[in-house]
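Feature list (source: TrEMBL):
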DOMAIN    A:1-103  domain 'SecD export protein N-terminal TM'
DOMAIN    A:243-302  domain 'Protein translocase subunit SecDF P1'
DOMAIN    A:324-437  domain 'SecDF P1 head subdomain'
DOMAIN    A:439-610  domain 'Protein export membrane protein SecD/SecF C-terminal'
TRANSMEM  A:6-28  transmembrane segment
TRANSMEM  A:583-607  transmembrane segment
Amino acid sequence: MNQFSGWKYGVIIISVILSLVYALPNLYGESPAIQIMPIKSGEKIEPSILASVESGLQEKNLAITGLIIEPFSIKIKFASPDEQLAAKSYVQQVLGESYVVALNLISNSPSWLTGIGALPMYLGLDLRGGVHFLMQLDLSKVSEKKSDGLLQDTRKLLRDEKVKYFASKKIGDTIEIKFRSADALSKAKDIIRSQGGGRGIFGGSISKTTEAYEFSEINNTDEFILLVKNNDISNEDTVSFALKQNLETLNNRVNELGVAEPIIQQQGKDRIVVQLPGVQDTAKAKEIIGRTAILEMRIVDEDQSSPENLETLNPDNLPLGTELYKDRFGNPILVKKDIILTGERIINAGPGVDQQTGQSIVSITLDSAGANIFKQVTRENVGKRIALLLIEKNITEVITAPVIKSEIGGGRVQITGMRNAQEATDVALLLRAGSLATPMEIVEERTVGPSMGKENIARGINSTIWGFLAIAIMMASYYMLFGVISVIGLSVNLLFLVALLSVIQATLTLPGLAAIALTLGMAIDANVLINERIRDELRNGNTPQASIKIGYEKAWGTILDSNITTMIAGIALFMFGSGPIKGFAVVHVLGIITSMYSAIWVSRSIVNYIYGSRRKLDSLSIGEIFKVENN
Amino acid sequence: MEIFRVKKDIPFMKYRGISAVISTLIFVLAIAFLSIKGLNLGVDFTGGTIMEVSYPEAANIENIRETLVTLDLTDTQVQNFGTANDVLIRLPIIPDLSIAELSEKVAVALKAGNRDVEIMRVESVGAQVGDELYEDGALAILFVCLGIVLYLTMRFEWRFAIAAIVANLHDVIIILGFFAFFQWEFNLTVLAAVLAVLGYSVNESVVVFDRVRENFRKMRKASVEDVINNAITRTMSRTIMTHLSTQTVVISMLIFGGEILNNFALALTIGILFGIYSSIMVGCPLAMWLGTSQTNLVITKPESKNNSEAL
């Protein structure tokens with residue numbers, strides 16, 4: 001009655017072997033390495049650079065211990081972190097700015113393991129060291145800008161369509177346009193509505209059939225007022241678009257930072273998580289990531305910019321539709337509120353030198369929409385100045401305001417007015433990496449130093465190993481052979497858990513390591529239940545074979561119930577937990593699943609293998625059983 | 001070896017009056033500590049910054065305090081953490097200064113004082129995020145309680161479900177009471193431990209209730225009290241072995257886990273110890289008091305039949 005059919009043994013043996021293979025990479029450890037990636041993600045690496053890097057490193061006496069070539073990156077392993085650092089600075093120097101050279105740790109497991117997708121467990125930041133940022137988008141700016149854009153778009157539309165209005169202004173998030181006739185108002189309304197394809201200031205993707213605005217009217221005897229407001233759909237669209245752009249921008253910036261395996265993800269509606277493993281210079285990371293620079297191009301209001309006029313301007317009472325800023329030399333510049341272009345239209349930017357003046361410049365390339373707008377605006381504004389505004393930390397500065405000499409087509413623009421080459425490089429980087437659609441603030445930071453990470457790993461592993469050994473001794477001495485079988489089941493459980501975590505590449509954190517230890521302590525419950533049940537049956541006078549069978553059967557229901565309740569807690573932790581707690585939850589839940597399999601199937605298979613085929617079985621090695629005489 | 005050589009069932013339920021008094025007393029005490037002293041919430045929940053820094057030699061706490069004062073940081077805590085070389089600095093949320101800038105400012109100032117200082121860990125949480133984490137934590141506890149009650153109602157019946165969850169919450173309140181009394185820091189990791197205890201300690205009730213149900217089928221003539229006493233006595237050996245194993249691991253964590261896992265392991269220890277007591281002396285009497293009897297349990301068919309195929 002206690003015999004498994006061959007296929008059951010087969011399944012168990014195969015699952016154990018598979019787990020062994022997939023858990024194996026964890027034993028090999030990691031080597032320091034450098035990772036070479038093109039600065040623009042998605043570009044392939046020129047094959048020729050590898051040879052030059054290799055020979056260069058050889059000359060410098062930096063021995064390459066391993067080389068992994070992938071389409072989008074080259075990873076070079078070294079024996080020591082010192083060599084790794086030396087190699088990084090050397091390679092960066094050789095390759096220049098079109099490549100990023102990042103430090104990384106790469107598994108030493110043999111290539112056949114990597115080939116079948118067997119990787120070591122993915123360690124969280126608290127175990128490998130690094131920085132975690134949670135960034136919050138400032139959405140107040142988004143809707144404000146959007147209503148600004150709406151006002152400008154509407155004015156332009158009405159002018160183009162020759163609909164006469166006599167006043168227009170923005171009140172909060174609503175724009176107000178006053179007409180002389182009801183006719184003009186309804187015509188204007190139709191025009192605005194037909195433009196409802198919702199190209200807000202940050203673009204957007206509302207389909208044309210969706211109403212993007214909310215209208216209301218006030219009809220007086222001599223004036224007809226139209227109120228227009230972006231509706232919720234349109235605002236949501238703008239927010240998600242702003243978030244997408246910020247994500248992309250962060251991606252580019254982190255790329256420039258040279259981090260091997262960054263994680264940049266949306267969290268919730270208006271937050272972004274940035275995780276940079278191995279980053280030690282947190283100050284630099286914060287500076288580059290946190291830079292909230294926004295670039296805008298606007299036309300200077302030349303009509304009211306005579307020197308006398310500028311001096312007498314009252315900042316609280318500026319001419320309609322203008323704003324007053326200062327340029328780098330402290331001179332006031334009066335610019336129009338209409339934004340011609342923002343940084344999002346820039347597809348490339350690089351530092352350079354003006355061949356005529358020798359000044360440092362930044363040359364930028366606009367995308368086709370940007371190029372069209374730029375062409376039109378420069379045609380209409382020849383002789384006027386175009387101002388480039390950089391908005392950083394709520395301070396707006398006019399970097400430069402060159403005079404438009406002629407229409408500029410083709411989308412290639414040069415920005416002069418850089419102080420020096422360094423600044424040209426910085427501005428180019430900022431423009432190339434993109435600007436943010438809306439400012440962000442770091443609302444959570446968790447930094448773990450590299451030595452702390454190592455310590456944490458040792459803490460987690462020691463807790464697990466010593467806890468495991470103590471349990472093994474207890475079980476074996478209390479339940480004898482059945483105790484030993486339980487311990488084997490427990491070891492297999494540990495193996496399954498490690499293999500599973502490696503395969504799904506779930507992030508392992510310090511609480512996760514604690515969960516592995518805790519899972520072992522809890523998983524033994526199933527074995528204890530089974531062993532106690534078998535003892536019970538023996539005590540009740542059943543034969544050993546029957547006791548095994550009934551013991552396992554009766555224990556099963558209890559094990560299921562108790563594991564499901566534990567699972568409920570695990571799932572809640574996963575749903576509501578964040579960061580390290582999620583790590584705990586994942587391991588906890590997986591551990592419950594593996595422990596049920598190993599306690600019920602694996603341990604049963606061993607018991608069956610040992611006892612199942614014996615016809616005459618007088619006793620089980622399950623420890624001394626105390627019998628109650630009167631029972 | 002057999003630890004529990006009991007000839008007769010231990011009359012646990014006879015002492016339910018005493019245990020009710022004890023439980024109420026501990027419960028009231030825990031609530032009192034919670035309301036008077038309150039929990040020492042970590043930055044995860046309050047918002048703020050903690051920085052763990054390590055010096056090559058014994059750290060000069062006074063110096064660090066003075067450095068912080070020069071930065072206009074007054075409402076701070078500086079204390080040793082684990083060893084004399086390691087220091088934990090707690091900073092509140094400073095208005096008009098982003099958390100990212102704050103930790104950087106302190107790091108720069110400390111490095112200026114001693115070049116060899118190493119920043120081991122920084123945890124900064126903004127006020128809003130702290131509130132959210134607090135809310136999520138409360139939601140998680142609520143979710144677990146509801147989930148467990150629902151499942152146990154399905155598998156057993158509502159009386160057991162209520163009894164089990166009250167026994168569980170009793171443990172949770174006691175853990176929180178301990179944390180309030182000793183003013184141990186309560187952070188996200190400890191919350192994870194509390195939730196793990198919720199899931200774990202309900203096992204205990206499930207195992208006993210399982211036996212109770214089985215006994216109702218077998219011991220048709222026995223009184224409810226005898227049935228429960230027998231169930232507890234018969235599962236005693238398992239109770240001790242299981243908790244001993246889990247506690248062994250937790251002790252291993254207390255020894256090797258370092259400061260970060262310390263409070264986590266403490267919460268588990270309290271949860272495990274009181275979990276044994278509460279499932280026996282709170283859960284069972286409560287189930288009895290709610291009127292558990294043969295009639296409302298035996299209807300369920302023995303489920304071992306259909307599951308035996310799987311083995």
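Each Cβ is built from the backbone N, Cα and C atoms, and glycine gets one as well.
If you take every residue in the domain 'SecD export protein N-terminal TM' (A:1-103) and average the pLDDT, you get 84.
Proximity of distant same-chain residues to the transmembrane segment (A:583-607), defined by a Cβ-Cβ separation under 8 Å and at least 6 residues beyond the stretch ends, is recorded for 2, 4, 8-9, 12, 15-16, 124, 482, 485-486, 488-490, 492-493, 496-497, 500-501, 506-516, 518-520, 522-523, 526-527, 530, 548, 552, 556, 559-560, 563, 566-567, 569-571, 573-574, 577.
Secondary structure by DSSP for the domain 'SecDF P1 head subdomain' (A:324-437): 28 helix, 45 strand, 41 coil. Secondary structure counts, DSSP: the domain 'SecD export protein N-terminal TM' (A:1-103) has 52 helix, 22 strand, 29 coil. Break the domain 'Protein translocase subunit SecDF P1' (A:243-302) down by DSSP state and the numbers are 25 helix, 20 strand, 15 coil.
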